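Contents: one structure, followed by commentary.
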Amino acid sequence: MESIIIYLPIGLALLGLAYMTYKKFWVMNQDAGDGKMKEISDHIYEGALAFLKAEYKLLSIFVVIVSLALTVVSLIVPTTHILIVVAFIFGAFFSALAGNMGMKIATKTNVRTTQAAKTSLPNALKISFGGGTVMGLGVAGLAVLGLTAFFIIFYKVFMGGVWTNSEDMIIVLETLAGFSLGAESIALFARVGGGIYTKAADVGADLVGKIEAGIPEDDPRNPATIADNVGDNVGDVAGMGADLFGSYVATVLASMVLGNYVIIDMGGSIEDAFGGIGPILLPVFIAGVGIIISIIGTMFVKIKSNEAKEDQVMGALNAGNWTSIFLVAVACYALCNWMLPETMKMEFFGEGIKEVSSMSVFYASLVGLVVGAVISSVTEYYTGLGKSPTLKIVQQSSTGAGTNIIAGLATGMISTFPSVLLFAGAIWASYLFAGFYGVALSASAMMATTAMQLAIDAFGPISDNAGGIAEMSEQEPIVRERTDILDSVGNTTAATGKGFAIASAALTSLALFAAYVTFTGIDGIN
């Protein structure tokens, strides 16, 4: 009998997209400032749009070529279905759409943040973070919607919407892998292409402005400032959005694949309220609930004082982030107890079949949440304004550029040490609790706050652009001071966003390898 509960993640995704639409209209209804500010903002928007059009034009050719190749493979290999091509195309489209949506709202929010900074810092934070919220919910909503919808479609096509056997479910998940492949294909080019453009424009603008002409950053006399501000959006907004969209989808899919092997280890079938596929659906439900929790988390990001400094702004962002993480932990506890059998059998590498409780699976997911939170804190410590590592770099800079570079490189290198230890600990602990399924779920739990993480990350380039518009439109000094406070915090959140992206990608890679090892039955990967 088919369970209608499997449609719940689609409802949660649509709810997230509905709130995103509301937030988008709210941002767009804010005052965009005077004519000069709008003109500069329009230049940034047009430049970012031109870059994406050129990028997506080339990527569409790539998608067509790969689609044809997958079609040939599906005709030759009996176990590969032609529907994998459809999934691939939609995965690529959704990934591109997520990045495009984020870029468009970011380039419309920047000028409104500048205008809000004329009145107060709390308003400027509210609008800039509102733009980031639109991007975060767009990415998470599209990912959960696409993945769940295609899973249900393939579940009905290959299994009639009811559990038959694990072999048929393998075909369902293999076909669904096309969606992940499409998403990751776009993410690769968007992240790398956007990143190269971002740094080229940034360094080029600084060289011609600060070094050759001796004028301040974002000076209206420097034509490269527009390219610099465009780069902030195509790299740190559109690129990051596509990147995390791909990681998000791949993590959930890998967890679903390993959930199927939990059912295999339990004899090929289980009895639950989800049509016998609870372990497969659990990662999707965690992702769906994470969207709603991220919406709640964004409501905690606020400051009251117009005299607030960087620490207070960072504290507001952290309040939203930590609230989201805590609520996801509570949700994981409830979902693990609701969706999983009280005890399960799982195969541990080289140890055979062992019994694992639903609470052990929860503990594994908790590991991912804790590690994600701690890595964000570690990144904030090494990159935050006023923190010991950055102050030491400032001190070293007094003797010249050479010591500045050496101190910066040394700090960057040592900052990876605690993160590597955390990764190793997370992998070991989550595997100890629930085997490869636990490793995958720890990654899924970490990615459950993707909407919140992306909102915080996109806040950075929006604030940076707002400062640039304030400088180029020659606003009052107080406006630039307020946008500089947001920009300073944004530089730290951009670093923590990259840390989250790398952390999630690392655990996602391990989850995918775990799924591969389990599927092939090989002894290990060198």
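Here, residue 1 is simply the first one shown, and the rest follow in order.
Just so it is clear, glycine is given a Cβ too, placed from its N, Cα and C backbone atoms.
Automatic, uncurated: that is what TrEMBL annotation is.
Cross-referencing 404-428, 429-453 with TrEMBL places the feature transmembrane segment at 404-428. Residues 170, 240, 243-244, 247-248, 250-251, 254-255, 257-258, 261, 347, 349, 368, 371-372, 375-376, 419, 423, 426-427, 436, 439-440, 442-443, 446-447, 450, 453, 457, 525 of the same chain lie 6 or more positions beyond the ends of the transmembrane segment (500-519) yet place their CB under 8 Å from a CB of it. For the transmembrane segment (245-264), the partner stretch with the highest count of Cβ pairs under 8 angstroms, out of 6-22, 124-157, 169-190, 322-340, 360-383, is 169-190.
Here the transmembrane segment (169-190) sits against the transmembrane segment (58-76); at least 3 CB pairs are under 8 Å, leaving out pairs fewer than 6 apart in sequence. Within the same chain, the transmembrane segment (124-157) stays apart from the transmembrane segment (58-76): fewer than three Cβ pairs sit under 8 Å, each pair at least 6 residues apart.
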